[in-house]
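**Student:** So that we are looking at the same thing, I have put the structure below in structure tokens.
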Number of protein chains: 2
Amino acid sequence: MADYNFGAGPSVVPQEVLEVIKREIMNFNHTGLSILEISHRSLDFQALISEAKNDLRALMGIPADYEILFLQGGASTQFMMLPLNLAQNKTAYYAISGIFGKKAYEEAIKASQLENIDVVSIGSTAHHHYDRLLKIDLEKIDFQKAAYLHLTTNNTVEGTAIFPENLPESHEVPLIADMSSNIMAVDYDISKFGMVYAGAQKNLGIAGLTVVIIKKDLLSKDQVLPSMLDYQVLAEHQSMYNTPPTFAIYVAGLIFKWVKAQGGVKELERQNRKKAKLLYDYIDQSDFYDNPVYNINERSICNVIFRCPHQNLDVEFANEAEKRGLLSLKGHRSVGGLRASLYNAFPVEGVRKLIEFMKDFEEENK
Amino acid sequence: MADYNFGAGPSVVPQEVLEVIKREIMNFNHTGLSILEISHRSLDFQALISEAKNDLRALMGIPADYEILFLQGGASTQFMMLPLNLAQNKTAYYAISGIFGKKAYEEAIKASQLENIDVVSIGSTAHHHYDRLLKIDLEKIDFQKAAYLHLTTNNTVEGTAIFPENLPESHEVPLIADMSSNIMAVDYDISKFGMVYAGAQKNLGIAGLTVVIIKKDLLSKDQVLPSMLDYQVLAEHQSMYNTPPTFAIYVAGLIFKWVKAQGGVKELERQNRKKAKLLYDYIDQSDFYDNPVYNINERSICNVIFRCPHQNLDVEFANEAEKRGLLSLKGHRSVGGLRASLYNAFPVEGVRKLIEFMKDFEEENK
């Protein structure tokens, strides 16, 4: 029986992509070199990175006035680069609906020790244990001073998401989104955002690459920052200010081609909705399992959180599931419980297998 | 005929390591998952990263009072993290013997816009086009204020190196070294340094991983920096504050095992010296080729720079060599000329093939 990887990131990579990597690992593009060895300045790599950028632009419908940056350091690095670049002498606003949103806010506060940045939370659902999204009240924002409003489109740990139709409509302040766990899994209109960013290890490939998509007019030309922290410098050098993570970019490029072959982002969103619905429907009809998300229309289609009636059953569930080839179902260490991450590359058969197992486990433990 | 990769980084990876990657890419450690998919929190990955650290510690003889960090962003990211972490309210001194040493200095100046840091150059050999190392005069350092003295152990672009016997002996100021291009290729005594750092894409594996080795008493506990810039936070989280570059760490771990199998760092240094000597000896006896390094005892054994009598011949040389399977011999775009990078994984047969080609090329063009 094939194993299914429900991990939240690093996570499942399409089998077809793994096959290509295996084939090319000794000889990339007939260069006689491994993809691991080729220079980032070589024509082969230049072609690869510009193709990856073009594919990403086409797949996500990224307008021409947005830069695409391939960076390192994960979303956590963006948590501080964002305010350092965009909020000097301004106010950075945060809507906090999950632990990563809270981290983004806390890192901005740390960044404000280095620059004159005012960091303001417009609210948090922490008192509800992040079981719901913050209702964003734009009245709380001083548009004269605002650099941006930051939010998280998908809360990986808590299993909630702001879908496109629920995004705040504010043309007076750039919306910035951490899209790490649902980029290319939900079809967002990028023109609604000033910047979006995402670690690649969920829907875009492997750990070690971070994608930043930023409106060009937000790039500052007169601010002095160390080069590796400066979006303007990184954009001028086309993500090649220094040696980029060549292999992770190569894998992302393969993922983009795979997404195209699947029919694009809209089609993957349709499939993701179908996979998530299967699982939510099963949870909802069960008296044994429970999904803690308060508002049904805020349920993530990428990370489905559920719990057994008792915490010790959650642990047993994860261990037993592992034996049946259903891997990495343990919830995030900060909240416990169970979590099934159903990213683009996760097959619907895996959801069916999970539901089968859930039935058996309920039968044995109810 | 096999191809030989003389690239300066990303660069040659041992064939044996590529074979292991190819074998394990679909199923790592019998997990049923690709190494690209496994969680950084999994027991398998925990075992991998701690083994990699232990192997590195043993191979380089890193004392117990030094932390090993596996980070992202390349040496260029360290150029700013170093002063931000170590030089607040102090003076950071730089000895500049190459363009990357100059960049380290310039980035420290940029960092000084964010914190109260005094950045001082104790001299540069730029007026000699970096054809030699700076003679370090410790008298120029105010030990009361000094945070550290920064130097580059191997100048990748200019082909010079400070060998262990030529390091300045100063116990009053921590020595910090960018070792990107000769870490584990030359056997340095780490206890002589406060911190060393290196991008992995030359002797430690692939692009996307940066190794930092830092004396624990230099980690500051009372300074507030964004977490991803804070050595103390990164050390506390054992390089897992956020998702680390799992695949690049995996490859580094394989490289460490390979180095061990080759007989360790001392033995590789012996082989590297032999490879470099072959090439330098040939260049020295030739009236056609020329190595521009001014002092023979400062010649790098990792990057051998040479030139033909005319610039246009350099271009022709690189192109013709490429046809003979001798790849990436073009010098750095900032200096031109030719460069043969002979890192640990580069085989001596490749040097012999290069010399054969050099003879033919000289014959045809003299």
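Any Cβ shown, glycine's included, is placed from N, Cα and C.
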**Student:** Can you pick which of B:Gln46, B:Gln201, B:Gln271, B:Gln285 TrEMBL lists for the same pyridoxal 5'-phosphate site as B:Ala75, B:Ser76, B:Phe100, B:Thr156, B:Asp178, B:Asn242, B:Thr243?
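**Tutor:** Given B:Ala75, B:Ser76, B:Phe100, B:Thr156, B:Asp178, B:Asn242, B:Thr243 bind pyridoxal 5'-phosphate in TrEMBL, the matching entry from B:Gln46, B:Gln201, B:Gln271, B:Gln285 is B:Gln201.
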**Student:** Reduced to three states, what secondary structure does DSSP give B:Asp178 (pyridoxal 5'-phosphate binding site)?
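**Tutor:** In three-state terms, B:Asp178 (pyridoxal 5'-phosphate binding site) counts as strand.
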**Student:** With H, G and I counted as helix, E and B as strand and the rest as coil, say where DSSP puts B:Thr156 (pyridoxal 5'-phosphate binding site).
**Tutor:** coil
**Student:** By the criterion CB under 8 A from chain A, which of the binding-site residues B:Arg41, B:Ser76, B:Asp178, B:Gln201, B:Asn242, B:Thr243 would you report?
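**Tutor:** Qualifying residues, whose Cβ lies under 8 Å from chain A: B:Arg41, B:Ser76, B:Gln201, B:Asn242, B:Thr243.
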**Student:** Can you tell which of B:Ser76, B:Thr156, B:Gln201, B:Asn242, B:Thr243 has the most other C-beta atoms within 10 Å, given these are the binding-site residues?
**Tutor:** B:Gln201
**Student:** So among B:Arg41, B:Thr156, B:Asp178, B:Thr243, all listed as binding-site residues, which is physically nearest to B:Lys202 (N6-(pyridoxal phosphate)lysine)? Use the C-alpha atoms.
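**Tutor:** Out of the listed candidates, the nearest Cα belongs to B:Thr156.
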**Student:** If you measure every Cα to Cα distance among B:Ala75, B:Ser76, B:Phe100, B:Thr156, B:Asp178, B:Gln201, B:Asn242, B:Thr243, the residues said to bind pyridoxal 5'-phosphate, what is the biggest one in Å?
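**Tutor:** About 31 Å separates the two most distant Cα atoms.
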**Student:** So what sits near B:Phe100 (pyridoxal 5'-phosphate binding site) in its own chain, CB-to-CB under 8 Å and at least six residues off in sequence?
**Tutor:** B:Ala75, B:Thr152, B:Asn155, B:Thr156, B:Val157, B:Asp178, B:Ser180
**Student:** Using a Cβ cut-off under 8 Å and a sequence separation of 6 or more, which residues in the same chain sit near B:Arg41 (L-glutamate binding site)?
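**Tutor:** Looking at Cβ-Cβ distances below 8 Å from B:Arg41 (L-glutamate binding site), excluding near sequence neighbours, one finds B:Met240.
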